[in-house]
Amino acid sequence: MKRITVFVIVIIAMILTACTASGSDQTPPPSTYIQNKGSDTIVNLALAWAEEYQRLHPEVRISVTGGGSGTGITAMISGTVDIANASRQIKEEEMQAALANGIEPVEHVVARDAIAVIVHPQNPVNQLTIDQISLIYQGVINNWQEVGGENRPIVRLSRETNSGTHVYFLEEVIRKGDHNNKAIFSADTLLLPSSEGIIAEVSDNPNAIGYDGLGYVTEHVKVLAIGTQPQGPFVLPSIETVNSGAYPISRDLYMYTRRDAPPLVGEYLNWILSPQAQDIVSRLGFVPIVTLSAGN
Amino acid sequence: MKLSRTTFGERIINSLIILAGYSSILFVGLILVFLLREGLPALNDVPLKDLFGSRWYPIEKYFGILPLISGSILVTVGAILIAVPFGIGTAVFLSEFSPPWLRNLLKPIIEILAGLPSVVLGFLGIQIVAPFFRRFFDLPTGLTAFTGAVLLALISLPTIVSIAEDALNTVPPAYRQGALALGATNWQTAWGVTVPAARSGLLTALMLGVGRSIGETMAVMMVTGNAPVLPGGLNALFMPARTMTATIASEMGEVATGSPHYHVLFFIGIILFLISLVVNLVASSLTLRSRKRSERLLS
């Protein structure tokens with residue numbers, strides 16, 4: 001009898017704690033809380049923006065998570081986040097899914113990014129053409145000798161297929177921007193789950209070639225100069241060369257919001273386009289769009 | 001009155017326990033139903049010839065899962081080949097040869113190994129093990145199936161050791177005493193009597209090690225390079241490979257619900273489920289058969 005009483009009390013206590021736990025989840029008022037999710041390329045930038053904005057506006061809470069452009073857009077479509085970060089434009093089928101869900105996505109270009117092609121610091125190769133990189137990643141060129149390097153096998157590194165950087169590289173470098181080109185990555189391309197994995201392998205392995213966002217490149221790897229023609233010019237990625245359009249592998253970075261987003265989200269996006277926020281962009285190795293529009 | 005209340009309480013407790021017991025069957029059943037519901041449409045979306053093709057590149061509709069299945073098998077077999085001699089050896093040492101103080105030191109250390117998150121091992125793998133193997137074997141890259149197999153061996157080792165040691169400990173002391181009394185050395189007793197007597201338990205240890213290896217995701221994803229290459233020969237062990245688990249883990253977050261890619265990922269889940277089912281069936285049939293044989297011998 002006594003045991004049963006204890007048992008019942010324990011059960012009631014458990015139910016009560018469960019209730020308070022679920023109740024406390026709802027305390028942050030939604031009006032000052034911005035959920036931001038998506039591209040791993042932008043995640044550091046989005047975090048830096050969020051920190052600075054929260055410092056200026058202590059009443060606003062911004063949470064930033066990565067996971068990939070598609071993950072962020074899917075979350076925005078299902079209404080679980082306010083802002084989706086994407087390193088590519090929204091796809092037609094994602095747009096349809098959003099509209100079917102009663103959400104109209106709005107596109108904002110928030111920064112620009114250049115993709116750096118990287119090799120081991122001791123690799124004597126300094127420059128490659130887009131054609132050569134395309135042939136390397138298709139598995140046609142398999143030895144560094146064929147592009148003016150040492151007699152070493154080429155180990156190709158890439159981000160996973162869920163990365164916006166992967167899709168961008170496939171379309172703009174391997175297929176050279178040609179939509180009828182159906183070339184794909186060689187099957188023996190190593191697909192690494194993170195930018196850090198690519199930097200770690202390239203900085204250790206003299207056979208490796210990799211690519212990553214300019215913002216992720218460290219001094220442990222060598223960045224190659226890229227040319228569109230075999231005779232040159234070959235251009236190293238930098239804020240100036242990306243802004244001037246001289247560096248061929250660069251792209252816009254986006255944030256997507258829903259048309260009927262709360263005003264708070266709009267204020268945040270306006271701030272992101274301010275010179276103060278764009279200053280953070282260049283500090284993190286990306287390319288600010290304000291400078292771009294001034295240059296044009 | 002008091003008696004009936006006790007039997008009432010007991011009946012409730014009994015039925016709760018029975019419910020808990022049956023719930024695992026229910027959960028496995030529900031998981032299977034869910035997997036089948038999400039995975040079987042893959043057979044409809046993708047022609048069978050393409051599904052069992054040799055190229056995996058889902059964003060361009062190449063859904064050949066053979067490289068993934070063979071990648072998983074390659075890494076798992078490699079891990080077992082490394083882990084079984086070490087694991088069984090450690091268990092034999094712990095239960096037959098080790099002085100008690102050393103056993104009391106070794107067992108907690110092995111348990112710590114079991115508690116290490118696999119992502120930590122993966123991190124060590126990418127920073128230390130992979131570069132070491134690249135230099136040591138003079139490979140194009142250290143991110144290979146072999147590197148994954150070594151890490152998986154470390155991960156499945158504690159499982160193998162603890163189950164194998166339990167199996168050895170359940171061998172009746174009379175067996176050892178009999179062998180020693182007949183003049184056998186410690187080594188002859190262990191190798192000739194104790195290990196064969198514990199054979200079914202050791203096979204169970206091996207099978208659970210296989211199960212642990214084939215299901216492991218994170219460490220493997222970090223160090224095998226994830227290139228979906230169809231193995232061409234024995235040297236495939238020293239080339240990059242992509243496992244089924246790593247494929248599901250890295251692609252499931254991105255995929256559009258209900259697309260062919262989504263269904264194929266669940267189809268891979270069904271294959272993993274079937275593999276672990278077969279592994280468990282083999283393990284239990286081995287246990288059952290050897291038990292029957294020993295029962296026959298005793299009667």
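Residue numbers in this text run from 1 along the chain shown.
In case you wondered, yes, glycine gets a Cβ from its N, Cα and C as well.
Just so you know, TrEMBL annotations are computer predictions that nobody has curated.
As the structure is a computational prediction, the values presented were derived from the model and not from experiment.
Outside the transmembrane segment (B:12-36), and at least 6 residues removed from its termini, the chain residues within Cβ reach (under 8 Å) are 266, 269-270, 273. The feature transmembrane segment is assigned by TrEMBL to B:12-36 (among others).
The annotation transmembrane segment is assigned in TrEMBL to B:62-88 (among others).
Under the heading domain 'ABC transmembrane type-1', TrEMBL lists B:69-283.
Under the heading transmembrane segment, TrEMBL lists B:108-130 (among others).
What TrEMBL lists as transmembrane segment is B:142-164 (among others). Sequence-distant contacts of the transmembrane segment (B:142-164), counting only residues of its own chain at least 6 positions beyond either end whose CB sits under 8 Å from a CB of the stretch, comprise 71, 74-84, 86-88, 90-92, 94, 110-111, 113-114, 118, 121-122, 125-126, 129-135, 198, 201-202, 204-206, 208-210, 212-213, 216, 219-220, 223-225, 231, 236-241, 243.
What TrEMBL records for B:262-283 (among others) is transmembrane segment.
Using a Cβ-Cβ cut-off under 8 Å and counting only residues 6 or more beyond its ends in the same chain, the transmembrane segment (B:108-130) has close neighbours at 90, 141-144, 147-148, 150-151, 154-155, 157-159, 161-162, 216-223.
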